[in-house]
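Taken from Swiss-Prot as is:
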type    : residues                       : note
BINDING : Arg22, Glu92, Arg132, Lys455   : (6S)-5-formyl-5,6,7,8-tetrahydrofolate binding site
REGION  : 43-67                          : region 'Disordered'
DOMAIN  : 228-381                        : domain 'TrmE-type G'
BINDING : 238-243, 257-263, 282-285      : GTP binding site
BINDING : Asn238, Ser257, Ile259, Thr262 : K(+) binding site
BINDING : Ser242, Thr263                 : Mg(2+) binding site
Amino acid sequence: MTVDTIFAPATARGRAGVAIVRLSGPRAATALTLLAGRLPEARRATRAALRSPPSGPGPTGPGPEEGGEVLDDALVLWFPAPASFTGEDVAELHIHGGRAVLAAVLGALGDLPGLRPAEAGEFSRRAFLNGRLDLTAAEALADLVDAETQAQRRQALRQADGALVRLYEGWRKTGIGLLAHLEAVLDFPDEDLPPEVETAVRGGIGALADALAGHLDDRHRGERLRDGLQVAVVGAPNVGKSSLVNRLARREAAIVSDIAGTTRDIVEVALDLGGYPLVVADTAGLRETSDGIEAEGVRRARARLAAADLTLAVSDGTVENGADDPAADLTGEAVLRVVTKRDLLDPRAVERWLARGALPVSTLTGEGLDALEAALESRARAFFEGDGTPALTRQRHRSALMEARAALRRAAEAPLAELVAEDLRLALRAIGRITGRVTVDDVLDVIFRDFCIGK
């Protein structure tokens, strides 16, 4: 099968000090020689004047004096296969990051025969197909590029380092061992194997199912770390929810008005507290209303409250015994009680609220905001810190493990050894899909389509 040589910027487009253009494929060496005048020593950065290729290169490629227009003064690197990111011949051009320079170099590469621009994620896809990455490592690479907080960075690096694949491959090898023992019973019925073999296999299958169940019972911790802990800010109308969100965001994200019912849709802001990502949602005030649009906002607020990982239940601090305060009805470990208008409270009122477990804040002066942020960070840390095992990071992994767990539980209860073996095979197949041991093109398309072009 003919493999194209692909090229793309590996850095973000736009004005920058340096841009990197990556090439991968069988004509990478030829392209590098044509532009740089020679093939540099492998894995050693070499300075070269990049020139547009001549219309008719000689059999050994042009020398520097034979090339066309100078495009840039660059550093070039050459990574011969298989010791490269993709497992193919790879070249990198480190050029000045101006738009015109990048456009000129990409244009010159596009004029060369056998080269084409890469599709999104195509470099990583080739790395997977050539055995340089498993699927979890490829996904971790995408997560690392997207990481905005330190906790996200640490999780992505841990997954890229193979923490998940080691866990899943360990389970898969355990399952293969169990299947081998079971198939020995099925394939050699006359060998008088002890009956304890099948009993031990069933016990091992049950233990494996329990291990998967424990891994799945994680409150979606890994996915939340990728996407942000969902925090809903709820309460009655006009208690200062939008002002509180604006204070947390350090910007005017939500409209603030003295008119009750101003907020009618969800307004989200992303926060980084102590390296943990939070998505804080300002919601419509909870009340009965005949206004159709406001009623829809209240419905959405209740839906966001039901789906939230953490709730900020906000009340007006100047009203200590509000009979119709919806925030007062919200309790539990996933609720932080917040009262606003601290600047209007005397010290004794502040102490009374604190004694009731509430956090008094002033959105006008910022007083109490540090304590609220510290409480949010503490809740986020408690949510994200696990038992030390790698976290599930994608719904694709979760779905496959749920499928494997169901198959293992069927296997543990199956009346016939043949049925046990079949369900065990299904479980192993599901686990193998996570790392790419078992895969189909449709799965690869979904995984790699959201990558950067140069990844």
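Even glycines carry a Cβ here, placed using N, Cα and C.
Note that the structure is predicted; figures quoted are calculated from it, not measured.
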Arg22 ((6S)-5-formyl-5,6,7,8-tetrahydrofolate binding site) and Lys241 (GTP binding site), distance between Cα atoms, whole Å: 48
Per DSSP, three-state class assigned to Ser242 (Mg(2+) binding site): helix
Binding-site residues listed as Arg22, Arg132, Lys241, least Cβ neighbours within 10 Å: Arg132
Taken over the domain 'TrmE-type G' (228-381), the model's mean pLDDT: 90
Neighbouring C-beta atoms (10 Å sphere around the C-beta of Asn238 (GTP binding site)): 17
Distance [Cα-Cα, Å, rounded] between Arg22 ((6S)-5-formyl-5,6,7,8-tetrahydrofolate binding site) and Ser242 (Mg(2+) binding site): 46
Integer Cα-Cα distance in angstrom, Arg132 ((6S)-5-formyl-5,6,7,8-tetrahydrofolate binding site) to Ser242 (Mg(2+) binding site): 49
Per-residue Cβ crowding (10 Å cut-off), top of binding-site residues Glu92, Ser242, Ala284: Ala284
